[in-house]
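S.K.: Quick one: the structure is below, questions incoming.
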Amino acid sequence: MTILIEQQQPQQPEFGVEGGGGKDHVVDEKELVLDGGFLVPHTNSFGQTFRDYDAEGERQPGVDIFYQNNHINQTYDFVQRMRKEYSKLNRVEMSIWECCELLNEVVDESDPDLDVPQIEHLLQTAEAIRKDYPNEDWLHLTGLIHDLGKVLLLPCFGELPQWAVVGDIFPVGCAFDKSIVHDKYFKENPDYNNPAYNTQYGVYSERCGLNNLLMSWGHDDYMYLVAKENNTTLPSAALFIIRYHSFYALHTAGAYKHLMNEEDVENLKWLRVFNKYDLYSKSKVRVDVEKLKPYYLSLIEKYFPAAKLRW
Ligand SMILES: O[C@H]1[C@H](O)[C@@H](O)[C@H](O)[C@@H](O)[C@H]1O
Ligand SMILES: [Fe+2]
Ligand SMILES: [Fe+2]
């Protein structure tokens, strides 16, 4: 089935009008060495600070346009429709590894830091975690699968536009926080002026739990649904990481805390660990996919009851 998506066009393109580098990029020198000893690089493979959305470079105009489209089209109504449709998981049957290979067809236009094939990013993340946390095999597998939802860009998954698949995520149904990348573009989102959705709590209540929020639609929530509905035995922290790994306003800028419950507070600790590896392992260091394959196949078998998953 093809989903028709009405896409609103930005009124006027504005490039790089805001000064100041990557707002959520607050790096404390003390934090540069992770618990496990992973050394955080100072620059990405383009020689720029990580997640600097205002740094001029070949990728910047495209990333800017991406966020403009994302912010004006991700509405409460849109997310509700997408969630309902994709919860059916009636499109494809395939294994996790097949999906990893498919992901190589995908280009992520939202990412200013990545220029290697996606499968390498998955394995770079997983292997960096494995080095520092050798006993947490569930976290290695989480690294491998966290971005698989990006297959939504491919024809057999409905070929969704980039703004409905990648990039940072945020809750809809309440006010958009200022810490969200390029928040200026929310002014053209129809929810921005809707009094039901534009207050601090909007349709939510204090400490209602992240599970009760509708998040902007994309690869995080989709992969969470796939893992959960295919009865993974991964722990709840793994599902939390998959579901909220692009929620930088929460895990990096500390916004939306008033909506978290106690379980979220616990899970957030693991998400923060994970995030460093997800972000800073992006490098030009190539990985040997075939050599690593047997180890990851054994983890998939351990944590997913069926070889073929419903997507
Ligand atoms: O551009 C990136 C990329 O799409 C990642 O996969 C996502 O998790 C990040 O949050 C986003 O900023
Ligand atoms: Fe991601
Ligand atoms: Fe990632």
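Placed from the backbone N, Cα and C atoms, the Cβ positions cover glycine too.
What TrEMBL says about a protein is an automatic prediction, not a curated fact.
This is the feature table in TrEMBL:
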BINDING   R51, D108, E109, S110, K150, G167, D168, H245, S246  substrate binding site
BINDING   H121, H146, D147, H219, H245, D278  Fe cation binding site
COMPBIAS  1-16  compositional bias 'Low complexity'
REGION    1-22  region 'Disordered'
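Can you tell me where each of these features sits in this structure?
M.R.: For H245 (Fe cation binding site), the Cβ neighbour count at a 10 Å cut-off comes to 25, with all displayed protein chains included. DSSP assigns H245 (Fe cation binding site) to coil, not to a helix or a strand.
Same-chain residues at least 6 positions away in sequence with a Cβ under 8 Å from that of H146 (Fe cation binding site) are, in sequence order, L122, T125, M223, I241, I242, H245, F274, D278.
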S.K.: Are there any residues in the same chain, six or more apart in sequence, whose C-beta is under 8 angstroms from the C-beta of E109 (substrate binding site), and if so which?
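M.R.: Once residues fewer than 6 apart are set aside, E109 (substrate binding site) is near G62, V63, F66, Q162, V166.
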S.K.: Could you measure between H121 (Fe cation binding site) and R51 (substrate binding site) for me? Cα positions, answer in whole angstrom.
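M.R.: The Cα atom of H121 (Fe cation binding site) is 16 Å away from the Cα atom of R51 (substrate binding site).
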S.K.: Counting distance between Cα atoms, which of the binding-site residues R51, K150, S246 is nearest H219 (Fe cation binding site)?
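M.R.: Looking at Cα distances from H219 (Fe cation binding site), the smallest one goes to K150.
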S.K.: Applying a 10 Å Cβ distance cut-off over all chains shown, what neighbour count does H121 (Fe cation binding site) have?
M.R.: 25
S.K.: List those of the binding-site residues R51, E109, K150, D168, D278 whose Cβ lies under 6 Å from any atom of ligand 3, in sequence order, or write none if there are none.
M.R.: D278
